Amino acid sequence: MHKYRTHTCGELSLAHVGLQVKLSGWLYRRRDHGGLLFIDLRDHYGIIQLVFNDDCSAVQAEISKIKFETVITVEGAVVARSNETINKNISTGDVEVVVSSYVVESFAEELPLQINGEYEAPEETRLKYRFLDLRGARLHQNIVLRSKVIQELRNQMLSNGFIEFQTPILTASSPEGARDFLVPSRLHPGKFYALPQAPQQFKQLIMMSGFDKYFQIAPCFRDEDARADRSPGEFYQLDIEMAFVTQEDVFGLVEPVLYNTFKKFSNYSITNIPFPRITYDESMLRYGSDKPDLRNPIQISDVTDIFQCSEFTTLKDSINCGAVVRAIPAPMSANKPRSFFDKMIEYAKHLGASGLAYIQFTNDGVKGSIAKFFDEALLARIKKLVKCQDGDAIFFICDKENDATKVAAKIRAKVGEELNIIKTDCYKFCWVIDFPFYQLDSEINKITFSHNPFSMPQGGIEAFNKAKTVEDLLSIKAFQYDIVCNGVELSSGAIRNHKPDLMYKAFAIVGYSKDEVDKQFGAMIRAFCYGAPPHGGIAPGIDRILMLLTNSVNIREVIAFPMNQQAEDLLMGCPAAVTDKQLHELQLKLISKERIK
């Protein structure tokens, strides 16, 4: 018989009744039923109930004193449970093991957190003792699912003829939207490597090396603040690049990969292929966001022109000063009590809005705080444009376009939540396309890239040459796209710029000289000069896919050893100070914050 086990704790069934077995695992739960002592033994595969009979009173006394999570090995006979004691909640619930002997393999100290799920410890404790936290069923299953999802993604890519690559982790710094993690070079004092924010340049170079289809389960490193859906430090993505493809070719690959993965690991309904395509401008108008949550059926409308024709003097004055008016419908809420509308007004003020107007289309006529300013013809226009019917209400926000867009998005979400019309058992996918190539950084009043600087502008170099004003530049669209699910951006992607003259021009507009471009992107620019194929790609985030599949509230629930929101690894105690010897080898010296100032 094997030293530790003949079976796992999750595989025993009625087919094993009568067998002598050996099991090893963690002492999970204990119940003393007066003469009979029951122990739940847990391993990676499941839970089995152990029985210590009353003819082993000395053994019962010993095992009763052992702390939870002690590792033990037991021998015993598999027996069927009586009908009234069958446990349908576990896979081994039809049987139990009557123990004849046991050995303690490793004692556990008093636990800093409970494993059995009776209450959840503070996150700081969970992260500090992550090896204990990972024993809990939910987190343990999430990590197992992570492995299965990655395997599924890999299998689908291989079946589509892709080649898996591994690109360098130590590379050069490049401006990709976030701060780099820098690694000092011992052999080249004063110089630094950077951990890759993404394998962007390498995967494009792979296309220029004559390969046709690239993928990688890629680690990415970005020194940025944490969010619920973003881990500080590192994350993983399914990095994809293809040669000789159009935007629709990329969509045609990615849609079945995501659809099949979500179908395999969830019983929720999923958007049918092809996924809807929504332009960036339409998304910002209809949903107030470039990450639309299509589970919420409410769509925002622009009613500025109609309000311009009304008798609402105050808002007309605001419109004349550059404001816009957005309408947010509230289906079947016209007869809601006044408290509903007051609550929404207070919420809008909390968001920074000066107020929130509304109209109610009741069966008894039109009511609401601003109904008196509109004649029947204008009300009919509003109703038609916003696609409302009797029984609906409409909220209105008036402000500068950016502010109105942000507030309208929040009001849309709040109305959907209050009316309980946001579906929770589905995955709603869409593509957001035609992103602006450039954006205006209002803080420094300067043109910057809106997304990936390596994307292809629609219209090519002619679009740059025709642009005479800042507004012209901001109107240039890129072959850039995002895949969004339930309001979560799973990935950005683009058809790449593969022409040197176009690359220099694109960077010159944001202030880069030719020498600076050559210095930062020399390898890629050189490759462009030796026959670069048209190419494009995308990189769905694996952590975010898992967040959606597990209904996790934050990304740390799908990562085995995550950092906290302050970018600290509480388990390993990092970031940490290093020795003077290490600094000397790197020819580095620490200076105080006061001296930096």
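The backbone N, Cα and C atoms fix where each Cβ goes, and this holds for glycine too.
Mapped onto three states, the DSSP output places HIS451 (L-aspartate binding site) in coil. Sequence annotations record features per position, and here Swiss-Prot assigns L-aspartate binding site to GLU176, ARG222, HIS451, ARG496.
Positions annotated as ATP binding site by Swiss-Prot, on the basis of sequence analysis: ARG222, ASP223, GLU224, GLU489, GLY541, ILE542, ASP543, ARG544. For GLU224 (ATP binding site), the number of other Cβ atoms no farther than 10 Å from its own Cβ, over all displayed protein chains, is 15. DSSP assigns GLU224 (ATP binding site) to coil in the three-state reduction, outside any helix or strand.
Sequence annotations record features per position, and here Swiss-Prot assigns region 'Aspartate' to 200-203. A Cβ distance under 8 Å defines the sequence-distant neighbours of the region 'Aspartate' (200-203), meaning residues of its chain 6+ beyond its ends; these are 165, 167-168, 171, 174, 176, 214, 216, 239, 241, 452, 454, 521, 523-524, 537.
Sequence-distant neighbours of HIS33 (site 'Important for tRNA non-discrimination') (same chain, 6+ apart, CB under 8 A from its CB) do not exist here. Among the features that Swiss-Prot reports, site 'Important for tRNA non-discrimination' is placed at HIS33, with the record citing sequence analysis.
Within the model, the region 'Aspartate' (200-203) carries an average pLDDT of 94.
Sparsest Cβ environment among the binding-site residues ARG222, ASP223, ILE542, ASP543, ARG544 (other Cβ atoms counted within 10 Å): ASP223. Comparing local CB density within 10 A for the binding-site residues HIS451, GLU489, ARG496, GLY541, the maximum falls on ARG496. GLY541 (ATP binding site) carries a strand DSSP state (E or B). For the ATP site listed in the record, the two most distant Cα atoms among ARG222, ASP223, GLU224, GLU489, GLY541, ILE542, ASP543, ARG544 lie 19 Å apart. For the region 'Aspartate' (200-203), the DSSP-based tally of helix, strand and coil residues reads 4 helix, 0 strand, 0 coil.
Among the binding-site residues ARG222, HIS451, ARG496, the residue whose Cα lies closest in space to that of ASP543 (ATP binding site) is ARG222. Closest to ILE542 (ATP binding site) in space, going by CA atoms and restricting to the binding-site residues ARG222, HIS451, ARG496, is ARG222.
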